[in-house]
Amino acid sequence: MENKEIELIGDNHLSSNIETPLRPDAFEKSDEEKIQNIEGHFAKIMEELGLDLTDSSLSGTPYRFAKMYVKELFYGLDPKNKPRMSTFENKYGYHKMLIEQNITLNSSCEHHFLPIVGHAHIGYIPKDKVVGLSKINRLVDYYAHRPQVQERLCSQILNDLQQLLGTDDVIVVVNAQHLCVSSRGIKDQNSSTVSIEYGGRFEDITYRNEFFTSLKK
Ligand SMILES: [Zn+2]
């Protein structure tokens, strides 16, 4: 891809597939090996920018950066870090809408590697299975901690919950600010991006309305 084309795509945040594009050898190296390699690469970037890595304030940065990437910001790339999502039998026979709202969302845009910060709101109509509500927060956190495109993040959470809960009746809304929009480029501090994905009964506007009305309260 030519640089001009890359710049165009960068600001449009295209997403082509629901799967995060991973190399086949993505998890052959250990985290420790990755941290060591990224530390070296990032030191080179800092040097290229003209920074003096012998300065005591900067000397630890390449290691801190590498560890933060592998263990924190992008821990959600590795399937071994996926939260265990145990479900329970829907013993109470509750078949109305369940909503988990204002789930804190911290992610990174894959085109600029800058933060995406906001909230996710999730609703579902239980069939035979229910899930502990905090598990939904953990699942959001897991998928958010990869280089992401907001629409894909939404779809990944939706798909996972539909499979887990054994129902298509799930809705996922993400409302987030992209630092690549607020701190660079157009530098718009006030705009946010809303993405909505749903299936099953949420295709019906009545259910979506009930969901959005409950969110406002
Ligand atoms: Zn971006």
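FYI, residue positions are counted from 1 along the chain as it appears here.
Cβ atoms are placed via backbone N, Cα and C, with glycine included.
What TrEMBL records for this protein:
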BINDING   Cys109, His112, Cys180  Zn(2+) binding site
DOMAIN    38-215  domain 'GTP cyclohydrolase I'
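A coil conformation is recorded for His112 (Zn(2+) binding site) in the three-state DSSP classification, outside any helix or strand. Taking the domain 'GTP cyclohydrolase I' (38-215) as a whole, pLDDT averages 95 in the prediction. Of all the Cβ atoms in the protein chains shown, 19 others lie within 10 Å of the Cβ of His112 (Zn(2+) binding site).
Other Cβ atoms within 10 Å of the Cβ of Cys180 (Zn(2+) binding site) number 20 in total over all chains.
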